[in-house]
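Feature annotations, courtesy of TrEMBL:
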SIGNAL    1-18  signal peptide
DOMAIN    122-357  domain 'Sulfotransferase'
BINDING   131, 132, 133, 134, 135, 212, 220, 337, 338, 339, 340, 341  3'-phosphoadenylyl sulfate binding site
ACT_SITE  131  active site, for sulfotransferase activity
DISULFID  320-332  disulfide bond
């Protein structure tokens, strides 16, 4: 009998030592629906053979509608240093807890036919906008068991496109069959060449845009820049070409990004409107569960992330994530989020609201949704 027990222990040790490392991967819940009609990963070889099909010199049809559209972008800061590009370090603890729970599913350790993980090109991308709430949305989505998203912004379609789709796919997390791969890079929305490039990767890619009152967004953008460069000029001096005449400087990126309709026109040349989802940055704060319902439905996912996952933090001014089944402290975005905005002259704010009115009207018409920014008399 003793010999039999020793032999059984020896077999178990030998079996475990030879198990593939991938068998310890996170156990997935029920698989979500596939949202793509065409697998973007199957287009990799085709695109490498055919080359980039886009026109690098395609004329922006909106440039002829208003002289403001032809302005070049002027930024005060290299976005490579954007703190948002580093990923959600402040959320690592909650994700670590989830991985621990998943890895406790011991049965997967002893099942040779367990789930196989592989890296795939993303089927959905959060394409913008900067300072709209993209980081919060990404981290809310990462709570969903059927979503795997890279934390750092890869900036593939705007800065690293020459590195090729293999480089891009290598940046993605490993996913199991039925899980959705996602990434977010807010500068995609305002970069001219990006719509064609994403379309060439996969015309079925789902696109999510988080938008916010363009005046508030511009001030938030400036606040972030000033936190890194305290000696920059005042908001007022940057926003105007001529303060006396009230002429807005549309070459400043903080102003230019908020001209949402201009940028959307390019996207609609390549993607039908029902492939883009527009999320309100304001409602992502006031009603995160409601906006998350819209996102989950758009992606064809089960409605997993809801009211029980959120706790509003009055000190920070935005919702934090919590584990619904436990009493652990809610996890909030870090100190780089929710900065106090500087006081801006009310006349400057009013002039900006007047400037954005025609752009907002057109954006509402194009999206079929009134976001309620500002007041029109």
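Cβ atoms here come from the backbone N, Cα and C positions, even for glycine.
The structure, with features from TrEMBL marked on it.
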residue	record	contacts (Cβ under 8 Å, 6+ apart)
131	3'-phosphoadenylyl sulfate binding site	186, 212, 217, 220, 221, 224
133	3'-phosphoadenylyl sulfate binding site	210, 212, 279, 281, 284, 285
340	3'-phosphoadenylyl sulfate binding site	223
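The CA atom of residue 320 (disulfide bond) is located 12 Å away from the CA atom of residue 135 (3'-phosphoadenylyl sulfate binding site). Most Cβ neighbours within 10 Å, among the recorded positions 135, 220, 320: 135 holds that distinction in the structure as shown.
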